[in-house]
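Chemist: Please read through the structure below; I'll follow up with questions.
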Amino acid sequence: MRGKNVQLENVVMRFGDFTAVHQTNLEVNAGEFFSVLGPSGCGKTTILRMVSGFMEPSEGRVLIGGEDMTGKGPNKRPTALIFQNLALFPLMSNWENVAFGLEARGIDKKTRRNKAYELLALVGLSGQEMKKPSELSGGQRQRVAIARALAVEPSVLLLDEPLSALDLKLRQHMRAELKEIQRKTGVTFIFITHDQGEALTMSDRIAVMKNGVIEQVGRTDDIYSKPLTPFVATFVGENNVLPGRVTNADKDFAQIETAHGIFRGRNQDSLKPGNSAMLFVRPERAAIVNGTTPDNAFDARFERRDLEGAFVNLHFRLGDNPFIVHEANLRLHNGFDGPIQLGFNADDAVVMASGEVNDDA
Amino acid sequence: MHSLIRSYGKPLTSLFVCLTAFWLLVMIALPQAFMIEHSLWHIDRDDQLGMKIDRAYSEMGLVEYDLKAAKTEKVRAEFQTRIDALKAQIAALEAQETEPPKIYGIHNYTKMSELHFTIFLKSIVFALMVTVLALVVCYPMAFTIAKLATPYKAALMMLGLIIPYAINELLRVYAWLMILDYQGVINSALAWLGLVSFEAKTWVPFLENPGSVFVALIYAYVLFMIFPIYNTVETLDKNQLEAAKDLGASTWKTHMRIVIPHAKPGIAVGCIMTFMLSVGSYSVPQIMTRGKSGDWFSQLIYRQFFESQNWNTGAAYSFSLVIVCLAFILIMMKSFKVGIRDIAK
């Protein structure tokens, strides 16, 4: 099995008056684990359906391995789709499920049986071949679905939020397993998810989508540490947001005046004084000032401490603006009296032109 | 029972139980028992009975004449005993005439003539053909409504199917009669095209062919096939169809391996209903053939009851049909591997 690259060329998808996907150019490299991340209704599933062939784009074209897929149905494309609800065939045994794609290709029973058993072994389900999917646990069903998709030797495997129905522990386990299967098979994975944690842990690269537009495409680390838009900054991971106006700017840094003080951060968008802007700082990059004073320091009111396990979320407020600090779980924080001084370095903060932020949280 | 009493109290519970028992007994058990009982006996009417009685009367007249002419007391007594014997014989014969004896046995089932048996078999075969044809017509329709059509179109199609059922079945059958008659709609169209001529009576005799009954039966019972299939196909997860397609399955393969196995209970119920209704249909073959083509078994049963007044044979014929239907249900359940609970759903 060898992965192929997937290209979207000037693709647009409209449903009547509604444009689900605005003009998009995207290239997924052969053999990479690529995630399309976005909130529900952002158009990520539409992109998946256009690649799989269940939808034809209104404009533009989809290429897989350089070959134009226009007019080819899902049964003619080198893709396999794993559905959100898995869509296993409940009346067939597990091996028959896995072998269905081969059956559809007219391969004889003995060969497809061997292949199915082999694939079920690959996903760690030896001994479950004769059972029905309903007799398996959620994670096992997941693996049957993966084996079923791999049986047709796809060049591109499309995954439509397949982990969303699992509980947390299993989900974390399946992430590692999916990544492992992707590495072993070398198939291009396009993974659709609204869970940024999932996207960050598994992917090589991520495309972040909002309202039918891809806001940013990049390697996971870049997406996290160098978000290009306020939405990406707030959708992927947590970020403290301080809106204001630029008062002073040079090539590298900008100074922003907010309702709660003046802060400095990297001037990513080459903003000029007077521009409306937002400052973002990750909770783990901010800290309670202890000893040396960082570039930006300010007083905040302590609100509460949420224990996450290895780290704690410390919730503060600057007026009505919430501010969160992540700290390794090394001590208790009871006994804050009055305002606390917080701070962060200008290098760890970024100033961007104002825009829409993710306000789900 | 206890939970019923707890939820509804004693008076209401006993009312429910009584009504259910009444329904089971009066509506289901009693008519069937009556039918079976009737089918199991026949009246042994002696064709010669009237003549035998007449003969006994005339012999008695003669003996009475002899009695008057007799001289001796001894001879007279002899004649008198003969008269008494004849009187007893006549009384017995007359009793047999007014109240013929019931003879229990399977006589009604075994005496079916060869012709009637042929019709019996033919009706079963025809009903099976109607069932298969209805399935072939209804499955694609049910699938289209359940899975392919937009909700609005599906509602319209459903409505289109249901509306004719607001009209009496007889009228619907007569509509088909008008379409297929010698000078009906189709033949008129053919005549207009110059293919047949009414004057020369070269019309196509649709009604002389059992096919016309098939058409009307399928039309009459189409809903009983569509609804159960629709109901089961409707519950099929659309993703399964897409998954099958994505894995490279053709439409044929998808139906054979995914949709039909899922719809099995619905198909079984549809087939059972259509078969039972068409094998027992009286009005459709009666109206459509009007004696121009062979009888259906249901018409024979009708004749046994209302023309030859032979309720026992009629009961036996009816019960034979019931047994065929039960056998059909069992065969369908067995071959489709569906349980009674799937069917009840």
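Each residue, glycine too, has its Cβ placed from N, Cα and C.
Automated prediction, rather than curation, is the source of TrEMBL annotations.
Dumping what TrEMBL says about this protein:
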type: COILED; residues: B:69-96; note: coiled coil
type: DOMAIN; residues: B:120-332; note: domain 'ABC transmembrane type-1'
type: TRANSMEM; residues: B:12-30; note: transmembrane segment
type: TRANSMEM; residues: B:119-142; note: transmembrane segment
type: TRANSMEM; residues: B:213-230; note: transmembrane segment
type: TRANSMEM; residues: B:266-284; note: transmembrane segment
type: TRANSMEM; residues: B:315-333; note: transmembrane segment
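Where in this structure would I find these features, and how exposed are they?
Modeler: Within the same chain, residues 46, 49, 52-53, 56-57, 59-60, 63 sit at least 6 positions outside the coiled coil (B:69-96) and bring their C-beta atoms closer than 8 Å to a C-beta of that stretch.
Outside the transmembrane segment (B:315-333), and at least 6 residues removed from its termini, the chain residues within Cβ reach (under 8 Å) are 32, 35-36, 38-40, 108-109, 112, 116, 120, 124, 268, 271-272, 275-276, 279-280, 297-298, 300-301, 304, 339-340, 343.
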Chemist: Would you mind listing the long-range same-chain contacts of the transmembrane segment (B:119-142), meaning Cβ under 8 Å and 6+ residues beyond its ends?
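Modeler: Distant contacts of the transmembrane segment (B:119-142): 112, 157, 161, 210, 213-214, 217-218, 221-222, 225-226, 229-230, 233, 263, 266-267, 270-271, 274-275, 278-279, 294-298, 300, 317, 320, 324.
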